[in-house]
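To start, the structure itself, in structure tokens.
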């Protein structure tokens, strides 16, 4: 095994625990950023470019007939093919957390429409289901099984919020284990059926599942109720006759009590198990080889890589399968980095990673865990960093590389400012308040001084008042400046009285006298 450090040079703050990778014909796509998408990439999906030990991201686009797909963190993802040997496939995405920390219960199908050097176009559709629909959750797994010429999806595990009827003020957003039900989903008819199996007693999350043919193997996982990691190895066998499906569970020996482990496939029958946690405070640095032959599974310990001191001494780690024997591992960065929230990443290449390039039809679904710094639940079960694709390099033009530095820093300017002392608008928790809002909060300009923008919701403005202020040509003062300007009214304009113009004096008309007349008047004057 070889371990190589990689750097994120264009947008390190997007690479946070909880996102996923999708692989379409060697093109790896990033999905599930923390926070709502920005203008440079409104879809929140990026083409991932790993080249010369550097990670870059280029915005991807959705077709016009696509539905809206929110950035979901810690969802369950797997590929869906018409049959086990089909070349064309699409991804199934279920559950996960939205940027507002709401849990999703929706199922999406994502497929690649076109790929050029300049533009990647995807299609996303939402699937409606009936019957025993799984509740909203995260940290679970989904796989596709094939039996008797039919295919179905199998969903298991995960966590959800405490039911509304059981919530208290102190534990309003606390999470609990989902019931240990196995859900069989038939996408052809859009129906779900749940099965309760006596062998599955505890709810599990952040476990590993491997699907092969009509069989799914479930390894490890954490139970919140017992605060334990399951030492059992479960074998689910799904029979799909023309009538009702049959689901059987068997507990096999040789399991490993681990959570948040990562599985990567190095050959048609061999897998490598990497990472995870033995307990809340103990990472699992050992590696194992898993061999599947016919209906048998064998797990043996293998040689571990030479871990770096940073990996050995860090409190937590995370990562997931990149395909073809490669694993992406991440550890938290230093607290005094130039770029906050940035992590350090390594690519672990297992033996045979470059030798086995044939199409691998066995499905792997694992949920790996890492705690968000502010979401402190038990150490290991924090939140998961999920990958389900392989690493690859691209020769596309770098001109379209997404650069987060080109974005306006909306945490300090724009819509996500702290507009006043009592401002409670946060980019990660905000939800629309007015009917006119879509993905940004409504703002209004305060005319005090040079003027500044404030959130209408923080000013306690009703929607009617907000509309009136936006339509009227009047000055508005925020709550902090309204008292200062209460007595300062714009003086009324004094209308000057217009004096009527004086009429010019009319010149007296003079009579022009003849010479004889003048002599006559002169004689009379001297007589």
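Each residue's number is its place along the chain shown, starting with 1.
Here the Cβ of each residue, glycine as well, is placed from N, Cα and C on the backbone.
Heads up, TrEMBL stuff is auto-annotated, nobody curated it.
The domain 'Recombination activating protein 2 PHD' feature in TrEMBL is assigned to 414-491. Look at TrEMBL and you will find 419, 423, 455, 458 tagged as Zn(2+) 1 binding site. According to TrEMBL, the feature Zn(2+) 2 binding site maps to 446, 452, 478, 481.
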> Other than its own, how many Cβ atoms are within 10 Å of the Cβ belonging to residue 478 (Zn(2+) 2 binding site)?
Replying inline: 20
>> Give me the CA-CA distance between residue 455 (Zn(2+) 1 binding site) and residue 478 (Zn(2+) 2 binding site), in Å, as a whole number.
In response: 9
> Which chain neighbours of the Zn(2+) 1 site, leaving out 419, 423, 455, 458, have a Cβ atom within 8 Å of the mean position of the site's Cβ atoms?
Replying inline: 417, 418, 420, 422, 424, 425, 441, 454, 457, 459
> Hey, for the Zn(2+) 2 site built from 446, 452, 478, 481, who else sits with CB inside 8 A of the CB center?
Replying inline: 445, 447, 448, 449, 451, 454, 476, 477, 480
>> Please identify, among the binding-site residues 419, 423, 458, the one with the smallest Cα-Cα distance to residue 452 (Zn(2+) 2 binding site).
In response: 419
> What is the nearest of the binding-site residues 446, 478, 481 to residue 458 (Zn(2+) 1 binding site), using the Cα of each?
Replying inline: 478
> For the binding-site residues 452, 455, 481, which one has its C-beta crowded by the most other C-beta atoms within 10 angstroms?
Replying inline: 455
> Fewest other CB within 10 angstroms, which one of the binding-site residues 423, 446, 458?
Replying inline: 423
> Taking the Cβ of residue 419 (Zn(2+) 1 binding site) as the centre, how many other Cβ atoms fall within a 10 Å radius?
Replying inline: 23
> Mean pLDDT, the domain 'Recombination activating protein 2 PHD' (414-491)?
Replying inline: 77
>> In whole Å, how far does the CA atom of residue 446 (Zn(2+) 2 binding site) lie from that of residue 423 (Zn(2+) 1 binding site)?
In response: 15
